[in-house]
Amino acid sequence: MEATEQLMCQPSDSFNPLITTSFQVSCILVISHIFHLVLKPLGQPGPFAQLLAGVVLGPSLLSRIQRVKDFFIQASAAKYYQFFSFVCRMLFMFSIGLETDVPYLRRNIRVVSIVAGGGSILACLFGGPFFWLLIKVFNVTKERFAFYLLTLTVLANSASPIVIRMIAETKFDTADLGRMAIYSSLVNEMSCVTIVSTLKAFSSFGRFGGAILISLVTVAVIFVNKYLSYFFNKRNRNNRFVSNKEIFVIMFLLTCLSLYAEWVGYTAIFCCFLVGLMFPREGKTARTLLHKLTYSVNTFILPVYFGYTGFQLDISNIFNKLTLALTVLMILVSAGTRIVGTLAACHYLMIPWNESVILSLLLCLKGNYDLILINTNPNPNMVWAADLHDFLLTVVVLNTLIIGPVAAILLNREESSAQYPTILEILNPESELRILACVYVPRHVSGYVSLISALGGCPTAPIKPYMVHLVELPKKRKSKLMYHQLEDGDQYSDEEEYGGNDVLEINDALDAFISETKILVHQSKIVASFLTINEDVCNGAEDLRVCIIFLPFHKHQRIDGKMENSMEEIRAINQKVLRHAPCSVGIFVDRGQTGFQQPHGSQCVQNIAILFFGGPDDREALACSKRILMHSKVNLTVIRFLHKTTASRSSNSWINDASQKDEEVIMAISNIGTENEIDNAFVETFYNRYVAQGRAGFVEKYVSSGQETVAVLREIADSYSLFIVGKGGRGTCPLTSGMSDWEECPELGLVGDLLASSELDISGSILVIQRHRHSEAEGGFLDD
């Protein structure tokens, strides 16, 4: 009843607080958008513009005008702002948990924890003396333990929502540096929440019982969500998304949990994050939640939340000399200890100096959990003194406004010079492999999930697959339905209808694959004209920092096993992507009925052949096979074609030297001049690492012309379910001479075109790989 009265319009209010709150939200969005348009060319991301918009609208500037102040700052308006902040926190923390890359966090938890803890530990060490200084200045006589926790939190905490948005807007969220910053800030903030809540719980028996109940309710909600997700997915088997009513059920449970946690006296951000983190990722329920939350959180909820953070700042409170000196001192202590501690942690982890500086600055950003503690009363019968509250609030906001632009400048500079592996040849086989698979119709999915399954068969070699649905943009299209005429769960955006029922079939196929293999495939859709869609594919691959793009062949296998031309437009798109791709490219000729099948869950072993003639493309194909051979259901054989004149020489004299170190091979390559010697060194390394250990087979075929090569290919045509070969780049090669006479699809290269043609009539699938053409001079040829 008391909470309801606090949200009612009080007699002293000149205006309805609900109107002023709504108008404030609108003003923050408009002003932040204007600032963003001005500051974006200067490299400043959205959070800085939104914080600045709140400062301009708040008592620091516009609200100093009496009429504006009377309108925005009223007796009961603060409760509306607090309630709106609560709803925002609940939604964006749940969204952050839902989008968390759990496999990455699990693999790098040690590194992330060290980076997160380095600065925090040093800040806590300096927090003790600073705590006693603040006690003397502000005359804090009650609740000193709560004030001590508050001081340490302000010094040690990192605002994960601000870090996440800054990283995302600078397109660093797919880079190792960006992901390390995101999860370091998350670990830091969640650790602060856990430690402070635990200490509060042990400070009194009532609080301890409340903490236990919150934990039990959170676990219950997590298990209920798992059941609801499975039930909703099954119930909406024939729909793209689950209905709005079903989403409301999940949001209702989350809201009840959050309200209970706040009522007991704890913040709900950790509970919301944990519920999102543990939510099942596969199926229509998670897809619908991401679809509905991502846009609203990024374009409305977080900007308003950041804007309200800046709105609370009153710069006039620090005009006192003592307060100004303390503000500067606390910002210096907070930033200095965080930077020094993070740099020390990065030095221990041998992280490059430039990345260490950026990480240390990003982890200095504040404005989430620390603000919650500042605005929370230490007990129901006491509030923080106004001067102390304003002082800590000023420190938090000014700290972010000062350090944020500096971090953004360094991020933009790093982004322009950052390099990532664009070829498989230089990628460590045990590092993360990022791939982008393009599909047009549902039948393309089965072949790609088989490839993803083979590439992701080893837990020590992580894979991050993306699948993009390419849809042609119609010339004219207009919805005739109003929003209220849409069926439950439908979307008003015309773009959501592009792709027809293909979207449903693609989603169902991927959901089944994810459920079976536990390999999460990130989905997206590109709607564009087929004349320019290749540009969107290349730009997407660059933003996602993938190593290889997989494209479908323009022919598909009929029921009788023959290949039929289905979409000639695909061929033109493939040729454009091959010319302009920012990474390596693979064209997959899928013969799913008779060819390569998904290794996961299969009872039989898939036989795969790597056809090696020489050249950069064949080396890239061989590098791709390093990932595939790690799968327990794959039997891989490398077939190397050599000219007969080399048969008299001991071309494989290196076979017995299986113990030769890779470092020696790398040093040898730096002095090699000819392409053939590079091929020999690369094959030698592959043999020593994989063939000599029994993980792959190796066969040499000696031929003297293209006709003899064709004869060998006919012999092995029915022995393998998948053939992997490089597109070309061999120059004038006698092993393939004369094979261009029947060339039909030059985008596959001579050998790939022959394998895909009806000339050989093979039953296996084919993967033709082209190495990134702009990476020839990058220097490295072997794994680190």
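Just so you know, glycine gets a Cβ as well, placed from its N, Cα and C.
Taken from TrEMBL, the feature domain 'Cation/H+ exchanger transmembrane' covers 31-408. Summarising the annotation, TrEMBL assigns domain 'Cation/H(+) antiporter central' to 466-598. Annotation source TrEMBL lists domain 'Cation/H(+) antiporter C-terminal' at 608-772. According to TrEMBL, the feature transmembrane segment maps to 80-99, 111-135, 147-168, 208-228, 248-281, 293-311, 323-351.
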- Query: Counting Cβ pairs under 8 Å to the transmembrane segment (147-168), which of 80-99, 111-135, 248-281, 293-311, 323-351 comes out on top?
  - Reply: 111-135
- Maximum Cβ pairs under 8 Å to the transmembrane segment (248-281) - stretch from the list 80-99, 111-135, 293-311, 323-351: 80-99
- Intrachain residues whose Cβ lies under 8 Å of the transmembrane segment (293-311), provided they are six or more past its termini: 24-25, 28-29, 31-32, 46-47, 50-58, 81, 84-85, 88-89, 91-92, 94-95, 98-99, 161-162, 165, 168, 367, 371, 397, 401
